[in-house]
Amino acid sequence: MAQENFSQVTEFILLGFSDTQELQLLFFVLFLLAYAIVLLGNLLIIVTVRTDPKLSSPMYFLLCNLSFIDICYTSVTIPRALVARLSGHRAIAFEGCMAQLFFLHFMGSSEMFLLTVMAFDRYTAICRPLHYTAIMAQGACWALVTACWVGGFIHSIVQTVLMLQLPFCGPNTIHSYFCDVPPVIRLACADTILTEWLMASNSGLISLGCFLVLVASYALILAKVRAHLSQGHWKALSTCASHVMAVTLLFMPCIFTYLRPAGTLPASKYVCVIYTIFSPMMNPLIYTLRSSEMKESMWRLWKRCRA
């Protein structure tokens, strides 16, 4: 009955990183540059993979899906932050905040599952090469990618439903540039200890579980490469090295942010930049610069465009 007297918050104020005009301009330029790199880099990967028949292996099919997720993932947060900086309007409706939270976790968890599938693909290619074609057949690839999207959807639905159960009646300022579980849950007018632990078990354990699976798969790959020091295996190991870089950029900040209750450290709003902006921005560079096939295909695409 007490909750009926609450005045429900209808909007939140996203404070961003700083109120200083010069710093706001700096962050705007950096965010705009990062978003341009994400869009152009990942679109280039998608177009290259889709137009070059030589890039028809499961690895490039999964990479194409990763690029699509990265575009969607960054588009959930960065465009609104840029518009808010230009317009000076920092408010976001309660419904818009919940929608942003939903799609952020939908895309983010789907990417984690997809990176796990990509590690499985590399493990199969290196450790079970004779069975690779059968295991990673086209139908299996589509099934694995679908499972990543479904898993991300279920995870995000759970997060959003838990948030919608909370009453918001007091402070409505969020010390970040987007709506996420840790900063929003601290504004609830209720005891959120149980909800915080449920969310930490959901997001945090998913991040940690996928990361441990990835570490185990790469450990097995490393053991295989050390036992068979051939040129082909070293090439595969080079590919895996780029995957490890992408995994580290995404998973470590997520584990730091979500595998604990929402009573966060002050630096957490800066840590979120790593997995929401820096990781998607670096993925095109990591996967293209470490792959000679991708670079050759992009060069062929460039020559066709100039012809």
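Just so you know, glycine gets a Cβ as well, placed from its N, Cα and C.
Annotation comment: TrEMBL describes 41-287 as domain 'G-protein coupled receptors family 1 profile'.
Residues or ranges marked as transmembrane segment by TrEMBL: 25-47 (among others). For the transmembrane segment (25-47), the residues of the chain that approach it from at least six positions outside its boundaries are 16-18, 63-64, 67-68, 70-71, 74, 78-79, 81-82, 85-86, 277-278, 280-281, 283-285, 287-288, 294, 298, 301, judged by C-beta separation under 8 angstroms.
Taken from TrEMBL, the feature transmembrane segment applies to 59-78 (among others).
As annotated by TrEMBL, transmembrane segment applies to 98-120 (among others).
For 132-158 (among others), the entry in TrEMBL reads transmembrane segment.
The transmembrane segment annotation in TrEMBL covers 204-223 (among others).
Non-local neighbours of the transmembrane segment (244-261) in the same chain are 108, 111-112, 115, 119, 181-182, 193, 196-197, 199-200, 203-205, 207-208, 210-211, 214, 218, 268, 271-272, 274-275, 278-279, 282-283, 286-287; each lies 6+ residues outside the stretch with a CB under 8 Å from one of its CB atoms. Residues or ranges marked as transmembrane segment by TrEMBL: 244-261 (among others).
Under the heading transmembrane segment, TrEMBL lists 267-289 (among others). Counting same-chain residues at least six beyond the ends of the transmembrane segment (267-289), those with a Cβ under 8 angstroms from any Cβ of the stretch are 17, 31, 34-35, 37-38, 41-42, 44-45, 63, 66-67, 70-71, 73-74, 77-78, 104, 108, 175-176, 178, 180, 182-183, 242, 245-246, 249-250, 253-254, 256-257, 295, 298.
Sequence-remote contacts of a segment are chain residues at least 6 beyond its ends whose Cβ falls under 8 Å from one of its Cβ atoms, and for the transmembrane segment (204-223) they are 109, 112-113, 115-116, 119-120, 122-123, 126-127, 155, 236-237, 240, 243-244, 247, 251-252, 254-255, 258-260.
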